[in-house]
Amino acid sequence: MKKSRDSMDEVLVARDGARSSEAQVVGTTQLFSSGGVLRCVPMPTPNPKDPMNLPEWRKWAAIATLSFFGALALSAEAIVGALVPIFVLEYAGIDPKILGSIDISSLNLGSAKMDPIKLLSTLGGPPISKVELISTLPILVNGVASYILVPLSIGIGRRPVLLFSGILAWTGGLWAGMSTSLNSHLAARVFQGFGVGAVEALIPLIIQDMMFINQRNTAISLIGAGQGLFIVSIGLTSPLIITRLSWRWIYYLTGGVGVLAWFMIIFLVPETRWVRTPDELAGKEVYRLRPGETRPRLDYAKYGYRDNKTEFGVFNVKTEWKLAGRSVNETIRATFFPNVLWVIALNSAFVAAISAATQNGAAIILGLGLKFDQLGFVVLPIVVATPFVWLFGGFFADKISNLHARRNGGRREPESHLISLVFPLAAGIVGPMLFAYAGQNADQKPLIFLLVGFFLVGFGGLTMNTLVSVYLIESYPNFAGPVLVTMSSFRLIAGFLLSFKAADWILAMGFIRTFLIYSGTMAGFAVMLPFVYKYGKRMRMWSAGQLEESFGEDRPKEKEMDMYDDGASQRGSTQFVDPRSISRPYDPMRYDGAQPIPQGRAF
């Protein structure tokens, strides 16, 4: 039969439930059985090499390694961002070590004295906006990198791309430490930013490859929460490192630890790209289960055991270049999904606010008349925020979404994750205003406003990113890669555009007006949360459609399908229903998710 639609418009997920013939909206799954038993979603295969069948300790060891690498990369960005005043001095021909004995706020610079940004702009070096590219340019490169790294992981597998990214990250850091000019420093940061791009979309994709949906919030939140370890050990001690050694040793330390993280990936993170049918992704009983079992037994006789190639191989999956190319097209098309657009807009404002606060926080610290050794205060709020990121973005979020599923007849809706967004959004809106007050009134030494504001911005942004990543993965499980690329790329690119001139805007408008723009933008998109929560299912129906199950006597009949999942061809038994092929007029805002839909074409 000739296909009249391409893969993005095909419906991707089906409900198992009681094996009814009811049409199912993409992304909705039956998480609990009628008896209240937690079901495996996705459904593992009997193959021992399936990453879903890894022992729990093995999964969490891999996740801990990914979190270690991701947290190191993210914390390095925060630490380097806080060192912008140091780089301003360096490239103005002033040895930053002088700050160990001289209070910069005591310099007699006339009217610029109490404005920390104006103070730095008078030192005679390159434009401060160019120096701040050391902090902001990697954000842009991170976004571009996702467009390359994720399709590449679809084509050749996750593991070689992750290892390649790790090499770029730590070699870029070492290059930055050995750079001899601002331009060389910026080039090194571009190199480093490309490797760090794996944190944004590739690592969440790897986690969804091997974790069930009821565990993903907790797993992904560990990346943001793990930053505290590195910020405490490096960020708070960075002033001493700079005055006793050099700012270059910050790069040497983070690059050296990056090498350690890279070796951990080699030994602890196996290849996770795996072909799954739409029925398996929905948690359906594709394989016969014995009474009381929730997953099939492993069949070693048929599939064999995991071996060294499975555990440590690099190019050990079939290449899928055609599907990798198709994923790029799917990524562009996913940009126009209403719920994805909302996530991008909201996330971009948070990225911009965090970036602007990180760039200028250290300048405020110096402008308050504090000693240089206290510069580490600028990253202290992120340290305090990290356990709350895990608590609210992981532990509580999983509890809330699972409770919501139980009260919904066992059916899990991705929109349940949006409930947990309320508090992080409120924190993200208030944080920039407090931060701005501290910067505008540096003569009053409002340190508490600076720290609390930075805490709220960091907590809100990191927690929200975890929650919306899981929300999009569950909303569109068969093309998790494209939606993650779309979100991470556009939010970082937009965040860069909204923050790379932050210092110039502060000079022109002041702290309060500049940061009110960030708070106002976040508030404007945050008020749309109830609308997305209420109509999110209909948005999924409109953007991806629905399917209707077709069962045999005991299990679905397998047939070959040329369809994109997250990196390999699919096999399944699902009849896809195109909303546009339904005879009656289709209105996504009127569909209530319960009425049966007339059967459409089978692909």
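Keep in mind that glycine also has a Cβ here, set from the backbone N, Cα and C atoms.
Heads up, TrEMBL stuff is auto-annotated, nobody curated it.
Over in TrEMBL, the protein carries these features:
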| type | residues | note |
| --- | --- | --- |
| COMPBIAS | 552-562 | compositional bias 'Basic and acidic residues' |
| DOMAIN | 63-537 | domain 'Major facilitator superfamily (MFS) profile' |
| REGION | 552-603 | region 'Disordered' |
| TRANSMEM | 60-88 | transmembrane segment |
| TRANSMEM | 133-154 | transmembrane segment |
| TRANSMEM | 161-178 | transmembrane segment |
| TRANSMEM | 190-207 | transmembrane segment |
| TRANSMEM | 219-243 | transmembrane segment |
| TRANSMEM | 249-269 | transmembrane segment |
| TRANSMEM | 336-357 | transmembrane segment |
| TRANSMEM | 377-397 | transmembrane segment |
| TRANSMEM | 418-435 | transmembrane segment |
| TRANSMEM | 447-472 | transmembrane segment |
| TRANSMEM | 479-500 | transmembrane segment |
| TRANSMEM | 506-533 | transmembrane segment |
Against the transmembrane segment (418-435), which of these stretches has the most C-beta pairs under 8 Å: 161-178, 190-207, 336-357, 506-533?
506-533
Return yes if the transmembrane segment (161-178) and the transmembrane segment (479-500) have at least 3 CB pairs under 8 Å (sequence gap of 6 or more), otherwise no.
no
For the transmembrane segment (133-154), which recorded stretch in the set 377-397, 447-472, 479-500 gives the largest number of Cβ pairs separated by under 8 Å?
479-500
Excluding the flanking five residues on each side, which residues at least 6 beyond the ends of the transmembrane segment (249-269) place their CB within less than 8 Å of a CB in that stretch?
61-62, 64-66, 68-69, 72-73, 76, 79-80, 83, 159, 162-163, 166-167, 169-174, 176-177, 206, 230, 234, 238, 241-242, 312
Out of 60-88, 190-207, 377-397, 447-472, what stretch is closest in contact terms to the transmembrane segment (336-357), meaning most Cβ pairs under 8 angstroms?
447-472
Would you mind listing the long-range same-chain contacts of the transmembrane segment (377-397), meaning Cβ under 8 Å and 6+ residues beyond its ends?
75, 78-79, 82, 217-222, 224-228, 231-232, 235-236, 358, 361-362, 364-365, 370, 417, 420, 423-424, 447, 450-452, 454-455, 458-459, 462-464, 466-467, 470
For the transmembrane segment (447-472), sequence-distant contacts whose Cβ falls under 8 Å of one of its Cβ atoms, 6 or more beyond its ends:
204, 216-217, 220-221, 223-225, 227, 339-340, 343, 346-347, 350-351, 353-354, 357, 361, 364-365, 368, 370, 377-378, 380-382, 384-386, 388-389, 392-394, 397, 414-415, 417-418, 420-421, 424-439, 480, 483-484, 487
